[in-house]
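*Asks:* Here you go, one structure.
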């Protein structure tokens, strides 16, 4: 029954029509799978270590798939980072910073990763990187996109969403004119974040790990089909586009004076309307949301974001479209 369902899924998502109208993109030959970008997010750490020892499940014909532990010192100490957040230092200044004795460990590590998987923005960079993360927020299995015009990535997200259905797989678009992330995965031509939760820091949950594993599997399956010459007709996906980050209420000493309201807690991706409870002060006062449009909060009460002064992220729902897609060089002989 499962094979029949997958067969029908494939038929519905691929096209046998003339390829003349399709957008032809180069085949994806090199794929990185990053774990341990944050050393206390254990699903990716455990999966990458497993795949480094036994990578049969992630290998696909016609491409190199490289599992890689990005922040080994933070993993060893089971902490988010040593000196600074590795997932925020892949900007030109950090990548071009002279290597001196007091350079932060993560900046030095970013330069090493850029050397192996980049250089960022070059033709030599890896084609695709899946960067595996956990969140303490109730986000489920989320895919994070960085470019609203990347037809290949949009098609892959569409495929993964369909393959996982009826299980939800939200997509978060972090493209924003003033919010710059400079992520570890941005070294690749096609960067994809895989954010799965809720899971406490320093803990591994079997259900969360399995969800992450399935997302990676379906992503690699898509790449294999693409490389083998399958065509993917135009598609549309719903994504949550980042609007702004929202801090906790604070006093004049910059101390938090209110926490996430119980009615908002664990309600990632759910609509938040004007007047809905947002925060609760320590003396019991409800602070409501004030806004002229419905928003969809996520990363609600994320433990790692307290230091970043972020209670949650406001998003809006939008649609992304991808063109009819095929590989410019099919790899039929490996199918």
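Backbone N, Cα and C define each Cβ position, glycine as well.
According to TrEMBL, the active site, proton donor/acceptor annotation covers 195. Under the heading Zn(2+) binding site, TrEMBL lists 38, 41, 133. Taken from TrEMBL, the feature N-acetyl-L-aspartate binding site covers 80, 195, 305. Per TrEMBL, substrate binding site is recorded for 87, 88, 181, 182, 183, 184, 185. Per TrEMBL, domain 'Succinylglutamate desuccinylase/Aspartoacylase catalytic' is recorded for 28-222. What TrEMBL lists as domain 'AstE/AspA barrel-sandwich hybrid' is 236-317.
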*Asks:* Check the domain 'AstE/AspA barrel-sandwich hybrid' (236-317) for me and report the mean pLDDT.
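*Replies:* The predicted confidence over the domain 'AstE/AspA barrel-sandwich hybrid' (236-317), as a mean pLDDT, is 97.
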*Asks:* Determine, to the nearest whole angstrom, how far the Cα atom of residue 88 (substrate binding site) is from the Cα atom of residue 38 (Zn(2+) binding site).
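*Replies:* That separation, Cα to Cα, works out to 11 Å.
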*Asks:* How many of the residues that make up the domain 'AstE/AspA barrel-sandwich hybrid' (236-317) does DSSP mark as helix, as strand and as coil?
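*Replies:* Across the domain 'AstE/AspA barrel-sandwich hybrid' (236-317), the residues distribute as 3 helix, 33 strand, 46 coil.
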*Asks:* State which of the following binding-site residues has the fewest other Cβ atoms within 10 Å around its Cβ: 87, 184.
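*Replies:* Minimum Cβ neighbour count within 10 Å, taken over the binding-site residues 87, 184, occurs at 87.
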*Asks:* Near residue 181 (substrate binding site), how many other Cβ atoms are within 10 Å of its Cβ?
*Replies:* 20
*Asks:* To the nearest Å, how far is the Cα of the residue listed as 'active site, proton donor/acceptor' from the Cα of residue 185 (substrate binding site)?
*Replies:* 13
*Asks:* Which has the fewest other Cβ atoms within 10 Å: 38, 80, 88, 133, 185, the binding-site residues listed?
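*Replies:* Checked 38, 80, 88, 133, 185; of these binding-site residues, fewest Cβ neighbours within 10 Å: 88.
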*Asks:* Ranking the recorded positions 41, 195 by other Cβ atoms within 10 Å, which is at the bottom?
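*Replies:* Per-residue Cβ counts within 10 Å for the recorded positions 41, 195 bottom out at 195.
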*Asks:* Please give me the binding-site residues out of 41, 133, 182, 183, 184 that lie within 10 Å of residue 80 (N-acetyl-L-aspartate binding site), comparing Cα atoms only.
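*Replies:* Taking 41, 133, 182, 183, 184 one by one, the ones whose Cα falls within 10 Å of residue 80 (N-acetyl-L-aspartate binding site) are 41.
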*Asks:* What is the number of other Cβ atoms found within 10 Å of the Cβ of residue 182 (substrate binding site)?
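*Replies:* I get 17 for this one.
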*Asks:* Give me the count of other Cβ atoms within 10 A of the Cβ belonging to residue 183 (substrate binding site).
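*Replies:* Step by step: centre on the Cβ of residue 183 (substrate binding site), count other Cβ atoms within 10 Å, giving 25.
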*Asks:* Counting only residues 6+ away in sequence within the same chain, which have a CB under 8 Å from the CB of residue 305 (N-acetyl-L-aspartate binding site)?
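*Replies:* Long-range Cβ contacts: 299, 311.
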